[in-house]
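Enquirer: Okay, handing you the structure first.
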Amino acid sequence: MYNLLKGKRGIIFGALDENSIAWKTAERVHEEGGVFVLTNAPVAMRMGTIDQLAEKTGSVVIPADATNVEDLEKLVLQAMDILGGKIDFVLHSIGMSVNVRKGNHYTDMNYDFTTKGWDVSALSFHKVLQVLYKKDAMNEWGSIVALTYMAAQRVFPNYNDMADNKAYLESIARSFGYFFGKEKKVRVNTISQSPTPTTAGQGVKGFDGFIAFSDKMSPLGNATALECADYTVAMFSDLTRKVTLQNLYNDGGFSNTGVSQEVVDAFEK
Ligand code: NAI
């Protein structure tokens, strides 16, 4: 370990269980010397095992629904209080589509579900950023990361309305990142991660085929949750101070590969 985050304070959203990308990130940040508050939706506290992670990393858990601005305001103020100063890093690792959960096809959406999923998966990022901005809660040269998927750029039929939510999320990172950079010297980026076997990931229909295909298409193979955590640590560290407004692929090369030999071979008679 390199002590890359020594003396840095943060907030980590979205650790549900040990498969969660946010869980692995919290463990890696802890190893690199960062301190943080963990947060998740109140309902997820009952379903998941976040308390074990808190114990392991010496962190406090503060429940907050990321769609609720009041919850976010309380979270940010409490986090600064507990951690003893302004925030250096934030991970937004939140996603949920009600249409996916209910099995509604993209061509047969329930728009109340669409709106709810958009609020949780995309607009919540704006809400997090706006609360941090208005409360002047970020230290200069701080770093904010949200997680996304390449369905924002290309068609993956089973990704459903999460594709649209991710496109919106990535746009927020650029638009808000401009103001955060100008006014507060804070960087805002999204990391576009390979398919990963987590609760949210496995909600995608046909996930097993999807993740295997992606692995065969990627020259380096799929990036794991731990590898995503490593990349996020790098983005939180002082080694990436001028990287901002970017959508950063952590996908083993998938996004720039037209076809791989393994995939061609699978179609040869
Ligand atoms: P996960 O299911 O472990 O994490 C999703 C989290 O969102 C959960 O902790 C859940 O409680 C939280 N959440 C849902 N509604 C919330 C709300 N109202 N307020 C606060 N938190 C809420 O799954 P995973 O895969 O770790 O997901 C993390 C992020 O990574 C998501 O943005 C996901 O879209 C993204 N991602 C996942 C990929 C995958 O294949 N698993 C690939 C690329 C991106």
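Glycine too: its Cβ is placed from the backbone N, Cα and C atoms.
Remember, predicted model here, so these are calculated numbers, not experimental data.
As listed in TrEMBL for this protein:
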type     : residues                           : note
BINDING  : GLY14, SER20, ILE21, ILE94, LYS166 : NAD(+) binding site
ACT_SITE : TYR149                             : active site, proton acceptor
ACT_SITE : TYR159                             : active site, proton acceptor
Enquirer: Between the recorded positions GLY14, ILE21, TYR159, LYS166, which lies closest to TYR149 (active site, proton acceptor), Cα to Cα?
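Expert: Checked the recorded positions GLY14, ILE21, TYR159, LYS166; minimum Cα distance to TYR149 (active site, proton acceptor) goes to LYS166.
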Enquirer: Using C-alpha atoms only, work out the spacing between TYR159 (active site, proton acceptor) and ILE94 (NAD(+) binding site) and round it to an integer in Å.
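Expert: Here the two Cα atoms lie 15 Å apart.
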Enquirer: Write out the long-range same-chain contacts of GLY14 (NAD(+) binding site), meaning residues 6 or more apart in sequence whose Cβ is under 8 Å from its Cβ.
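Expert: The list for GLY14 (NAD(+) binding site) reads SER20, ILE21, ALA22, ASN40, LEU91, HIS92, SER93, ILE94, given in order along the sequence.
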Enquirer: Those recorded positions, GLY14, TYR159, LYS166: which ones have a Cβ sitting under 6 Å from ligand 1?
Expert: GLY14
Enquirer: By the count of other Cβ atoms within 10 Å, pick out the sparsest of the active-site residues TYR149, TYR159.
Expert: TYR159
Enquirer: Long-range same-chain neighbours of LYS166 (NAD(+) binding site), Cβ under 8 Å, sequence gap at least 6?
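Expert: When sequence neighbours closer than 6 are ignored, LYS166 (NAD(+) binding site) has SER121, ALA122, THR148, TYR149, ALA151, ALA152 within Cβ distance under 8 Å.
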Enquirer: When DSSP states are folded down to helix, strand and coil, where does ILE21 (NAD(+) binding site) land?
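Expert: Assignment for ILE21 (NAD(+) binding site) reads helix.
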